[in-house]
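Q: The following block contains the structure, expressed as structure tokens.
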Amino acid sequence: MAYPLQMGLQDATSPIMEELLHFHDHTLMIVFLISSLVLYIISLMLTTKLTHTSTMDAQEVETVWTILPAIILILIALPSLRILYMMDEINNPSLTVKTMGHQWYWSYEYTDYEDLNFDSYMIPTQELKPGELRLLEVDNRVVLPMEMTIRMLISSEDVLHSWAVPSLGLKTDAIPGRLNQTTLMAMRPGLYYGQCSEICGSNHSFMPIVLELVPLSHFEKWSTSML
């Protein structure tokens, strides 16, 4: 869950987001080491009186500053490619939900059910109940079973949108005429909030996303009540 003045990423709720957090820390450590080395060299050059250097033809130095950046890039690229392929891999999803972006709301269709679909609009500020979040609550939440692989098919009816839920590590563009897909799996129940992350018009800020992850038995009761 996000909180005011938050500096870091939200707590991970899915395996993919946990991998992304590890990769973020891994990359940040490399950037910190490089920055420290550069600052040290700059301070050394500013405080040392250089009277003679033989750097006009230093093959060893050129070899080092060619090979070392290549190694650093490989150390960053390999974990990144691994996570990228993990995010694209979808095998035998337990449930498929089709998401369509509109100006300015989302519509959802549970394709495994004959007639389970609804629109999801933001609740206006004046209609919020005590404890509800401004600009983040919706009239119809997306209820999904936890600890199950769920495929999200995402597209748009009008302009470019982007379906994003940070705590699950999800951000997929909704493009008119194109069907993108992503997968999600939540390891614990709860409410997970997101928003449209592509500027899509005057009410772009009023397209929240709310996922309610529940045990399978609760999801079955909910789906039965919706049919």
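In case you wondered, yes, glycine gets a Cβ from its N, Cα and C as well.
Below, the features straight out of Swiss-Prot:
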{"type": "TOPO_DOM", "residues": "1-14", "note": "topological domain 'Mitochondrial intermembrane'"}
{"type": "TRANSMEM", "residues": "15-45", "note": "transmembrane segment"}
{"type": "TOPO_DOM", "residues": "46-59", "note": "topological domain 'Mitochondrial matrix'"}
{"type": "TRANSMEM", "residues": "60-87", "note": "transmembrane segment"}
{"type": "TOPO_DOM", "residues": "88-227", "note": "topological domain 'Mitochondrial intermembrane'"}
{"type": "BINDING", "residues": "His161, Cys196, Cys200, Met207", "note": "Cu cation A1 binding site"}
{"type": "BINDING", "residues": "Cys196, Glu198, Cys200, His204", "note": "Cu cation A2 binding site"}
{"type": "BINDING", "residues": "Glu198", "note": "Mg(2+) binding site"}
Q: Specify all same-chain residues, apart from the site residues His161, Cys196, Cys200, Met207, whose Cβ lies within 8 angstroms of the center of the Cβ atoms of the Cu cation A1 site, ordered by sequence.
A: Gly101, Gln103, Trp104, Trp106, Ser162, Ala174, Gln195, Ser197, Glu198, Gly201, His204
Q: Where's the emptiest Cβ shell within 10 Å among the binding-site residues His161, His204?
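A: Across His161, His204, these binding-site residues, the one with fewest Cβ atoms within 10 Å is His204.
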Q: For the binding-site residues Cys196, Cys200, which Cβ has the most other Cβ atoms within 10 Å, all shown protein chains included?
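A: Most Cβ neighbours within 10 Å: Cys196.
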Q: May I have the DSSP-based helix, strand and coil counts for the residues of the topological domain 'Mitochondrial intermembrane' (1-14)?
A: 0 helix, 0 strand, 14 coil
Q: Using DSSP and three states only, what is Cys200 (Cu cation A1 binding site)?
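A: Cys200 (Cu cation A1 binding site) sits in coil per DSSP, no helix or strand.
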Q: Mind giving me a neighbour count for Met207 (Cu cation A1 binding site)? Other Cβ atoms within 10 Å of its Cβ, every protein chain shown.
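A: By my count, 27.
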Q: List the residues in the vicinity of the Cu cation A2 site, defined as same-chain residues other than Cys196, Glu198, Cys200, His204 with C-beta within 8 angstroms of the site's C-beta centre.
A: Gly101, Trp104, Val159, Leu160, His161, Ser162, Ser197, Ile199, Gly201, Met207
Q: Distance between Met207 (Cu cation A1 binding site) and Glu198 (Cu cation A2 binding site) at the Cα atoms, whole Å?
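A: With distance taken Cα to Cα, Glu198 (Cu cation A2 binding site) is 10 Å from Met207 (Cu cation A1 binding site).
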Q: Given a Cβ distance threshold of under 8 angstroms, which distant residues of the chain, six or more beyond its ends, lie next to the topological domain 'Mitochondrial intermembrane' (1-14)?
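A: That would be 20-21, 24, 166-169, 184-188, 190, 192-193.
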Q: Which residues in the same chain, at least 6 apart in sequence, have a Cβ under 8 Å from the Cβ of Glu198 (Cu cation A2 binding site)?
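A: Glu198 (Cu cation A2 binding site) has long-range Cβ partners Leu160, His161, Ser162, Asp173, Ala174, His204.
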Q: For Met207 (Cu cation A1 binding site), what is the secondary structure state per DSSP, taken as helix, strand or coil?
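A: The residue in question, Met207 (Cu cation A1 binding site), is coil (DSSP, three-state).
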Q: When the topological domain 'Mitochondrial intermembrane' (88-227) is classified with DSSP, how many of its residues are helical, how many are strand and how many are coil?
A: 21 helix, 61 strand, 58 coil
